[in-house]
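Trainee: Please find one structure pasted underneath; my questions will follow.
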């Protein structure tokens, strides 16, 4: 037990140090962690690392998918639904088919079912890898929404194809007619289970006397409950988690209070970050074990096959992204679409942002070792191809994606408002609402209470500063300058208050728990000021 605890602590500390180093070098952490894992795996004496697929499917995937669903914009998902569906469903099917056809041609004795199994494994891009790369460069919000929406669905579609391809290999009575019906049943039941359990949690939030700690506990447990419930009835746990997460994200602003939201925003990003980082590091450490398992084919031949299949996957995604643009132009003649003429630039970037990762490796590892008392056909080769494809797409596409974006220069919607302008408009309207509420309902209190009067005067001052800024660039710049100076002074004052508070802690006049309450308030105030400054 102590050894397992020490191993976990050492792993988290090592990963944290490597992420700090990656940030210092301005390299996306999944890429750096995979490279670091590869390098460490060659050090003599390092024991082989085996990743249990259950670790990914049961421990890591549910919270990662749930968090992604929680952070997905419903408006954006609906706005870009057509291209998201084309990439998340059509692209996965197209990739699985292309890889199946090529692998049957390249690998002696490789059946079509094995080809679809490999295609399903390597088809879903990894959202965490793309997101970590994109943090170093700005993309139009529409493209980010498409990538996020695609990531919610492509894992589910690829895993469903994987399940039926595996069934085709194992069962001699398999028929494609039954597979299509099963695909539809698994999809619908997965969505329904997620929505049902999401509704149960919504009822708990809404009607039972919970607090912020219980709210966070429920949110941490829910993804696992949804996933296990769906998998128990042979449905899609991934789709169930996604649908449940989307439902709760739509409702949580109505049921969670400010304290629960603040704690959730602090806890969830850290949990998901650690889970993703650990897995990417372990992917790199897998190399010796996977190479050792390749048999029946020379390493050079296996590597050549892996390179060809990697090229097929990359080319198919680029073509699928361009087709989605052509499809959008065609369908815009008959219905209203978000972007009638996407051009060729944006699809190129979408096509290149197709790094593979966690789900692909976990799927490959979950292939059974034995089939009818004999070794599963070509299992080791499938693992090797998957590993090479993950490494190449992560390192090559991950490193070059920022340069591709700078070269291509993708563009957003012509009528899209910049974030800064939207923030100004929203804040102005909120100030107007607040000032009107105070002036109408609390006149006597404002006249008698100096603190309320000061707050009311501050609102009117902000209204005076912000009036006309959304449409007037000069006024906007003046408002930015005043805001920057105000925040700089107030942050310095808050820091001074914190230093003074620390001197009070050394005295016996005040209890530590009271000091901690005041310090928490100062931390929240400084965080609010920092957020406004971004």
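Just so it is clear, glycine is given a Cβ too, placed from its N, Cα and C backbone atoms.
Model, not experiment: these values are computed from the prediction.
According to TrEMBL, the protein carries these features:
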| type | residues | note |
| --- | --- | --- |
| DOMAIN | 14-407 | domain 'Cation/H+ exchanger transmembrane' |
| TRANSMEM | 32-51 | transmembrane segment |
| TRANSMEM | 83-110 | transmembrane segment |
| TRANSMEM | 158-177 | transmembrane segment |
| TRANSMEM | 183-205 | transmembrane segment |
| TRANSMEM | 236-254 | transmembrane segment |
| TRANSMEM | 266-285 | transmembrane segment |
| TRANSMEM | 305-336 | transmembrane segment |
| TRANSMEM | 348-369 | transmembrane segment |
| TRANSMEM | 381-405 | transmembrane segment |
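For each listed feature, how buried is it and what is near it?
Mentor: Long-range Cβ contacts of the transmembrane segment (266-285) within its own chain (Cβ-Cβ under 8 Å, at least 6 residues beyond either end) map to 11-12, 14-16, 18-19, 29-30, 33-41, 46, 49, 51, 56, 59-60, 63-64, 67, 70, 128-129, 216, 219-220, 357-358, 361, 387, 390.
Residues of the same chain lying 6 or more positions beyond the ends of the transmembrane segment (348-369) and with a Cβ under 8 Å from any Cβ of it are 30, 51-53, 56-57, 60-61, 64, 87, 117, 120-122, 124-126, 128-130, 133-134, 139, 143, 146-147, 155, 158-159, 162, 166, 276, 279-280, 283, 286, 313-314, 317-322, 324, 375-376, 379, 382-383, 386-387, 389-390, 393-394, 397-398, 400-401, 404-405, 408, 410.
Sequence-distant contacts of the transmembrane segment (381-405), counting only residues of its own chain at least 6 positions beyond either end whose CB sits under 8 Å from a CB of the stretch, comprise 27-28, 30-31, 34-35, 38, 107, 114, 117-118, 121-122, 126, 129-130, 133-134, 136-137, 139, 283, 286-287, 290-291, 293-294, 296-297, 302-303, 305-307, 309-310, 313-314, 348-349, 352-357, 360-361, 363-365, 367.
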Trainee: Please give the sequence-distant neighbours of the transmembrane segment (83-110): residues at least 6 beyond its ends with Cβ less than 8 Å from one of its Cβ atoms.
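Mentor: 77, 116, 118-120, 122-124, 146, 149-150, 152-154, 157-158, 161, 165, 305, 308-309, 312-313, 316-317, 320-321, 323-324, 327-328, 350, 377-378, 381.
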